[in-house]
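What follows is a short report on a single structure.
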Amino acid sequence: MRSLSGFLVVFGSATFYLYVLSTRMRPGRGEQAERLFYRSLVFPSDLEELKEMADFLRHYKSEHQPYVMLLFCSAYLYKQTFAIPGSSFLNLLGGALFGPWLGLFLCSTLTSLGATFCFLLSSAFGKQMVVVYFPDKVSMLQNKVEENRSSLFFFLLFLRLFPMTPNWFLNLTSPILNIPVGQFFFSVLIGLLPYNFICVQTGSILSQLNSLDDMFSWVTLFKLLAIALAALIPGTIVKRFSLQDVGHKK
């Protein structure tokens, strides 16, 4: 109960902050703009809502760039910290608002920070709940991590580049698996860079996008697979040499 109450306090405080930032702390722009603001400023659930939000915030950013930057970063961290699905929409929005390179820097940094906040939140309040609700998945992942402990960083990279396990679940279970927070942070930063790059680059031409499926062609998917396999190769080599050392010692 203490873990649940602590989580609810953190979640409630973050939600209240985001609400105040989006409704009370915004720069004024008149009654008509205010009505449009209320209509546009919600987490998008489909491509049309995303395009509407991007179009509105692009115009709003021309006069209030620091506010839009703060709002975007806060919303992104909120979603990542509490493992709320929909980060691909925010990556697209980042590309539409800030361009391909600044958008990539922001999204990659926020992804890593938000995932780390989720890691710390799970470590403080969520370990027992994760084990209770996902015992089989936690056990399976624990076995895989122990098998690759000697090359853990490369294994974490592989999991991010080729996500057989959802990213949000990795964020929640990593404290249970005794993964060092430093390795966790950099595996997210590097491992999700290709995915963030594709989303942000696509977001920079959001107005031409007709479907989210347009982000991933077969060529793109094969490239991501090749990158994931390349990340696994160094870890396999390290693991092999570690086993050889153990054999020599015996």
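Placement of Cβ uses the backbone N, Cα and C atoms for every residue, glycine included.
Sequence annotations record features per position, and here TrEMBL assigns transmembrane segment to 6-22 (among others).
Long-range Cβ contacts of the transmembrane segment (67-86) within its own chain (Cβ-Cβ under 8 Å, at least 6 residues beyond either end) map to 11, 14-15, 17-18, 21-22, 25-27, 43-45, 57, 60-61, 93-94, 97-98, 106-107, 110-111, 113-115, 117-118, 121, 168, 171-172. Taken from TrEMBL, the feature transmembrane segment covers 67-86 (among others).
According to TrEMBL, the domain 'VTT' annotation covers 84-204.
Marked as transmembrane segment by TrEMBL: 98-121 (among others).
Look at TrEMBL and you will find 152-170 (among others) tagged as transmembrane segment.
What TrEMBL records for 216-237 (among others) is transmembrane segment.
Across the range of the domain 'VTT' (84-204), the DSSP-based residue counts are 101 helix, 0 strand, 20 coil.
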